[in-house]
Amino acid sequence: MGVEFSEAPVDFATLFGREAPVTLEIGFGMGASLVAMAKARPEQNFLGIEVHSPGVGACLASAHEEGVENLRVMCHDAVEVLHIMIPDNSLSMVQLFFPDPWHKARHNKRRIVQVPFAELVLSKLKLGGVFHMATDWEAYAEHMLEVMSSIDGYKNLSESNDYVPRPESRPVTKFEQRGHRLGHGVWDLMFERVK
């Protein structure tokens, strides 16, 4: 279930032992919501990437306990994995939930959602594939919206051209529950690859 980083592109049919749509989650934390999603959708394949090794261990243990077999996880830098291991036009969905907001202005450039990253994700999505982001920092949500709206090839799935209601497919995370208690909002963005 754990996947080692390699310099060669991954073959998903071999990795999962079957052909099925692949959802990639970047930065799954302790993996609770990723395991819940994989369990709820056995007809799909899920690949999670997380740099924090205790999170990877917790996710593997939880998946094993729940008998989840359609999940693979990696402990590595997600951008490097996207560049080297993920074939172009191969993903049905990319999920990025509650990335570090780097809320100090001087740190904003460290945010993962920037134009080059969003273009990289676009190249890995199949036509019709979706990039789903969520954040509890309004300023980061606005930044995500600005970045994503500037890229030719994405279509915002929001009817009002901004945010979407939390889809049933995304479990409420611990992170989010804490935010609700503090009175924070949560912003979901979904963009489809249309060309």
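Placed from the backbone N, Cα and C atoms, the Cβ positions cover glycine too.
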Listed alongside E25, D77, D100 for S-adenosyl-L-methionine in TrEMBL, from E50, E138, E142, is E50
Choose the correct range: of 106-111, 166-171, which one does TrEMBL annotate as region 'Interaction with RNA'? Give that range. 106-111
Other Cβ atoms within 10 Å is the metric here; tell me which of the binding-site residues E50, D77, D100, D136, E176 scores highest. E50
Translate the DSSP assignment of F175 (substrate binding site) into the three-state scheme. helix
Applying a 10 Å Cβ distance cut-off over all chains shown, what neighbour count does F175 (substrate binding site) have? 17
Cα of D136 (substrate binding site) to Cα of E50 (S-adenosyl-L-methionine binding site): how many Å, rounded? 19
